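S.K.: I'd like to ask some things about the structure below.
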Amino acid sequence: MRLIALPAFDDNYIWALVAADGRAIIVDPGQAEPVLAAAQRQGLVPSAVLLTHHHGDHIGGVAELQQRWPDLALFGPADERIPTNAHHVGRGERLRLLDVEFQVIKVPGHTRSHIAFLADGHLFSGDTLFSLGCGRMFEGTAPQMFDSLQRLASLPGETLVCCGHEYTLANAAFALHVDPTNAALQRRQQEAQAMRHAARPTLPISLKSELATNPFLRTSHPEIRAAVAPRAASALSSEVDIFAELRRWKDEFRA
């Protein structure tokens, strides 16, 4: 299977896993146009769509794609805001699509019903885990989001994270503000700057790299606690407390 990142909007990625015969699994098509263009240029033929959550920039292209390919299968979380013709999938379920097994992982926090898909060594994390960051908690709680991130962090280090947005440089600015002496993080920022200067995606990225550089996955490290503690209104009694304060800090941060 070949992985393709299709840019959409200002900073979204639509992901496509493409078989040798051109049949493809499409993840989070917020726009139809990039998928239609890939079909025109590369002979890509969508056979199924996977949705991680209901936000418009992740599902907005579904109707047009189903008009173009009426037999297109659709899978997403059990949520009334997901297109009604979707097959609902939940935690622990496995899908076999184009001879590839997709494992469904429940990751509430960004939204209450958010899911991720793990397949062929690739983690399609939607807006839960970002390169050097994590999603805002629009509907979930800090304990939920922390648990979701820990669930993803427990996957093999060679797992490639395919998230929904090109946020690496913006997230790097905050991460370095929190963890300025992290040499691996400094290198990642430099690499990401070079990649973006060349108009290349900074994704996918290995989970091993994220574990070394993403502050939201490093709440057990003393340097992260030390950075967060002065901002906290009360004692940080757990990693969840550290995570919650770190997320509040990120919400307020301006580079």
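In case you wondered, yes, glycine gets a Cβ from its N, Cα and C as well.
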S.K.: For the Zn(2+) 2 site that Swiss-Prot describes with Asp57, His58, His165, which of these is also annotated: Asp21, Asp79, Asp127, Asp147?
M.R.: Asp127
S.K.: Could you tell me the C-alpha distance between His165 (Zn(2+) 2 binding site) and Asp127 (Zn(2+) 1 binding site) in angstrom, no decimals?
M.R.: 8
S.K.: Quick one: pull the CA-CA distance for His110 (Zn(2+) 1 binding site) versus Asp57 (Zn(2+) 2 binding site), whole Å only.
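M.R.: With the alpha carbons as reference points, the distance is 14 Å.
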S.K.: Just to verify: the residue among His53, His55, His58, His110 with the fewest other Cβ atoms within 10 Å, which of the binding-site residues is it?
M.R.: His55
S.K.: If we count other C-beta atoms within 10 Å, could you say which of the binding-site residues Asp57, Asp127 has the fewest?
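M.R.: Selected from the binding-site residues Asp57, Asp127 on minimum Cβ neighbours within 10 Å: Asp57.
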